[in-house]
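Trainee: Handing you this structure, nothing more for now.
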Amino acid sequence: MTALNWKPFIYGGLASITAECGTFPIDLTKTRLQVQGQPNDAKYKEIRYRGMMHAIVRIWREEGVKALYSGIAPAMLRQASYGTIKIGTYQSLKRLFVDCPEDETLVLNAFCGVLSGVVSSCIANPTDVLKIRMQAQGNVMQGGMIVNFINIYQQEGTRGLWKGVSLTAQRAAIVVGVELPVYDITKKHLILSGLMGDTVYTHFLSSFTCGLAGALASNPVDVVRTRMMNQRSIRDASNSSYKGTLDCLLQTWKNEGFFALYKGFWPNWLRLGPWNIIFFITYEQLKKLNL
């Protein structure tokens, strides 16, 4: 067992922030698409956007280009905490069990990914709640990040900042438990097969593959998580559209059909794909720094 290495924590946070800034407008359209069409919520009952590109154009025209970056501050803060802990914990857990990357297995990496995803997402949940509120409600939410943090706390209490934490942890367990192992195993086999070396092209192909796998696995829980986090009035259950995560899942399926659970899939994949490509290429380049 080797000593704790600080580099994966720092590099993971920096690469996560870089990837978040590069793909944020796509993430915002995903959120808008996922919260619309809820028959039991008058505010989000209307189908305002026909797809990702239509959403981007309409938001730009009606709310301005700055609206495409609504929630970017808490998103960056989230990645500074979530991304740092996620990658650092994942890499540290792997080295706890095996000393050499060649000895890693898919099962081991998946276990480490699930655990690191749960821990990091629980810690970063308040920033995720604020990011989704600011994305979904756009210019309706007045003030900056700190003001809105305080407003959520005053109106909904501490529980409001950790609303949807179980779903966030479930989604993180799925995403991290799929993406990081798929990336590592794909990269490992490409290199060991002799088809490709440890180059940026290998990193690109591996990150593209893990982004697709993560989007397919996580989209249903992402839809439910987004709707639960965007729901308000936690202190007055009678005003809540959904009684819990299972109720949200069942109501969405019943009222809108099974494929409603894959609302926002294309922007989800089109975000996870580029996000992972930017993240892993940045991370791999940072690893090469002689620090």
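Including glycine, each Cβ sits where the backbone N, Cα and C put it.
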Trainee: Which residue range, 71-89, 242-260, is the one Swiss-Prot calls transmembrane segment?
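Mentor: Residues 71-89 are the ones Swiss-Prot records as transmembrane segment.
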Trainee: Mean pLDDT for the repeat 'Solcar 2' (104-189), rounded to an integer?
Mentor: 87
